[in-house]
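K.L.:
Per TrEMBL, the features are:
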- His608: active site, proton donor (ACT_SITE)
- His608, Asn609, Ser610, Thr611, His612, Asp649, Asp779, Gln831: AMP binding site (BINDING)
- His612, His648, Asp649, Asp779: Zn(2+) 1 binding site (BINDING)
- Asp649: Zn(2+) 2 binding site (BINDING)
- 91-108: compositional bias 'Low complexity' (COMPBIAS)
- 415-429: compositional bias 'Polar residues' (COMPBIAS)
- 264-328: domain 'PAS' (DOMAIN)
- 532-873: domain 'PDEase' (DOMAIN)
- 55-108: region 'Disordered' (REGION)
- 378-429: region 'Disordered' (REGION)
Amino acid sequence: MGCAPSIHVSHSGVIYCRDSEESNSPHQTTTISQGTTTLHGLFVKTDAADSIPSVLAYQSRQPPPSAGPRRKERRESGGASARSRTPHCCSVEAETQTSSSSAKASTAEVQVGPMRLTQYPIQVLLIFAKEDNQSNGFWWACDRAGYRCNVAWTLESALECFLDKHQEIIVIDHRNSKYFDAEDICRSIRATELSEHTVILAVVPRTSADQEETSVLPLLDAGFDRQFMENSSVTACYNELVQIEHGEVRSQFKLRACNAVFTALEHCQEAVEITSEDHVIQYVNPAFERMMGYCKGELIGKELTELPKSDKNSADLLDNINTFIKKGKEWQGVYYARRKSGDSIQQHVKITPVVGQGGKIRHFVSLKRLHCTNENNKQLYKSHREDKYTGDNSLSESGSYKCKNRRKDSVDVKSITSQSSDAPSLQTRRYSSMARIHSMTIEAPITKVINIINAAQENSPITVAEALDRVLEILRTTELYSPQLGTKDEDPHTSDLVGGLMNDGLRRLSGNEYVFSKNMNLSHTHLPVPNTINDVPPCIAQLLDNEESWDFNIFELEAVTNKRPLVYLGLKVFARFGVSEFLNCSEATLRAWLQVIEANYHSSNSYHNSTHAADVLHATAFFLGKERVKGSLDHLDEVAALIAATIHDVDHPGRTNSFLCNAGSELAVLYNDTAVLESHHTALAFQLTTKDNKYNIFKNIDRNCYRSLRQAIIDMVLATEMTKHFEHVNKFVNSINKPMASEETSPHSEGSNTECTANIKNFPDNQTLIKRMMIKCADVANPCRPLELCIEWAGRISEEYFAQTDEEKRQGLPVVMPVFDRNTCSIPKSQISFIDYFITDMFDAWDAFAHLPVLMQHLANNYKHWKTLDDLKCKSLRLPSENNN
């Protein structure tokens, strides 16, 4: 007499039947039906097993006092009688869940020395091939102990569950290899980093009285910690789990806490040394390495007697120290130690004996600080601080602090004058040349900065001096502006983009030379070119009426001009900015020049063609129209920016710099594998321009103006080369954004916008940074265009990268961007990576200066579009439903 059961259908067509009435019966069953087959129990074995969830978390079930016999009685009664009972409602979800338990799960306080830890409820993973009395026994044992329990019956689901839950105890069925290989499962789990502190228990079959018990060594070799002789008694399973908790699990929990202690030691500013009772070095921290000039590998495993001693200590000092510490007493005092370089340093030392197994002294812990009580010792302290920046390569090779890139093969000149008086004369002579260099009057700006910081350290507190040490370490790195990609969670799309766009790929392969033809005299179509801007055909003129809008559709212009948008847009934009008047050239000359430049763009390229050049020109003109940009630049800067945008990719072969370098192309050889394409674009543009007076737009300007204009154009085009991307962006932020923000937040900020642009004009270097940032943003503004334009550009650049990958494979060249394989690439992922790594920060900085709300809104919308596609595992430009429409 129960209510009608509720029916739930899973995605795979499995029907879960759940009775809606609570029953007082101590038994709870789950009925799973598929087609006409009705199945009972927690594990299901049918031909449709693939449709059943492979990881189950038991819902709370209250076992009766005599759970074992009654469960057996239920099974022996047969399916019919079992179904005749009114089942207690219980559902099985098609996902991993955490079971609840009748016992109250509570946290426990654990003491590790003076450290108090909180241990949370134990989690257990049962891995069985099928449900039986043994699996149920462990389940009810977990329920009684208050442990959280999950069950899996395949290797894949077990690994997935473990990586998600990180259970402390894993029980694997090792009784029958018919269903799965228990040792293989154990090895797979042990192969993960997370299993280091997990206890794995093997359930082995019970041996008869006349059988000899098998060795546990194969189990230990496979990664098991214990074996459990088959016993389905809930009490036996409970006892085993509780013993594991209070034994191995508790010990592993304490060991995990040691990671925090070692982290503290690694970051401690005091030098720490730990030795055995026999004075064999077992551990030193990075502060010790810096103080003594050794790296960890040179010290660990050596006896203290093997290291050089200073002759400044009294003869009986070591004997006195040993007498104290051997009695278990702590010793403190001043001690002279000899560094690897040979000089002696005075230390304040505290040595503490540590009692271990058997009540005996097992370790000695030494804390060491430089003893700065007089002027000479302060100088020694300074020498210690600066030593980590001198040419001691052994320290930089230390693996003890891998998260830092210590400097190699360099010398801090300032430290030469800070060597102690007892340093060997040979070392003094060795540094004499560097000392002379330090006294030279010609200094680079970075040298001046370092010397100022060094001087500031002399009278600074220790904490400030250490902070300045870190500043010096950063300043002395080779790459000051390029961020470092992590290696652990690195996204291959981001990695490939960075590798392909920011590196020159210098792996030359002999016999593979890539030569592309120059498009010197191409003409695209027979569409008549206008004599003046007023002669433009009406359909084109109508489109160009909207060219000042950011949402201007460059692809419509490409279509109506038969792939010659650059000439028409160029005439309109150049007229608006008075380029002909500035250059003192006729409109006919300007028109002829635009024709020549456009003819040398490759229309066969899907992306790097004259449409891209026109798009960059449009973006540049849009930025130049912004109040703050316009107020910060001169007319010459505006003209240079428009010309640079027009020529910035002329004669682009549709391949990256890395490809050309790997292929040993003529251009890569000509430009020494450095900014190959960008150098070629500017050089060819000026060659074409000055080749014939008919299209030489510079022929009527004076020499000084030409040189300034030429330099500005070259600088802007070279700025589009991606290896210097982060340098340009960071310089802009530090020199433009931050000073502006300071002025705007100051109490006298009224009218600061005009004053700010005036200040920028007073510093040509700031104008250069603005022009570089402007063309860089214009060059990669596709993600900030309206969605349909953004999608079209994404498709075009992807196709060009696909073509490059295809050619690299055909020619046997290194594949620069492996993810851009047309058969496997996810375009949404590549766009997300590009926006995350290159676009967001750059446009945030540019928007803070130029105020571009429309662009930032488009960027947010477009990013959401790509994320939606990626979340749905769609690799194309649009959803299939959108493509059909």
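From the backbone N, Cα and C atoms, a Cβ is placed for every residue, glycine too.
Just so you know, TrEMBL annotations are computer predictions that nobody has curated.
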K.L.:
Out of the binding-site residues listed (Asp649, Asp779, Gln831), which are within 10 Å of the residue listed as 'active site, proton donor', Cα to Cα?
P.N.:
Asp649
K.L.:
What same-chain residues, at least 6 away in sequence, bring their CB to under 8 Å of the CB of His648 (Zn(2+) 1 binding site)?
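P.N.:
Looking at Cβ-Cβ distances below 8 Å from His648 (Zn(2+) 1 binding site), excluding near sequence neighbours, one finds Ala613, Val616, Glu678, His681, Met716, Val717, Thr720, Ile775, Asp779.
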K.L.:
If you skip the near sequence neighbours and keep only those at least six away, which residues in the chain come within under 8 angstroms of His612 (AMP binding site), Cβ to Cβ?
P.N.:
Asp649
K.L.:
Pull the DSSP breakdown for the domain 'PAS' (264-328) and write it out as helix, strand, coil residue counts.
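P.N.:
Tallied per class, the domain 'PAS' (264-328) gives 28 helix, 13 strand, 24 coil.
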K.L.:
Give the number of CB atoms, excluding that of Ser610 (AMP binding site) itself, located within 10 Å of its CB.
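P.N.:
Around Ser610 (AMP binding site), other Cβ atoms within 10 Å: 30.
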K.L.:
Determine the Cβ neighbour count for Asp649 (AMP binding site): the number of other Cβ atoms within 10 Å of its Cβ.
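P.N.:
24, counting other Cβ atoms within 10 Å of Asp649 (AMP binding site).
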K.L.:
Specify all same-chain residues, apart from the site residues His612, His648, Asp649, Asp779, whose Cβ lies within 8 angstroms of the center of the Cβ atoms of the Zn(2+) 1 site, ordered by sequence.
P.N.:
His608, Ala613, Val616, Ala645, His652, Thr720
K.L.:
Cβ-Cβ under 8 Å from Thr611 (AMP binding site), same chain, 6 or more residues apart: which ones?
P.N.:
Ile554, Phe555, Glu558, Lys563, Pro565, Leu566
K.L.:
Taking the residues His608, Asn609, Ser610, Thr611, His612, Asp649, Asp779, Gln831, which the record names as binding AMP, find the longest CA to CA distance and state it in Å to the nearest whole number.
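P.N.:
About 22 Å separates the two most distant Cα atoms.
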K.L.:
Out of Asn609, Gln831, which of the binding-site residues has the smallest number of neighbouring Cβ atoms within 10 Å?
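P.N.:
The binding-site residues Asn609, Gln831 were compared, and Asn609 has the fewest Cβ atoms within 10 Å.
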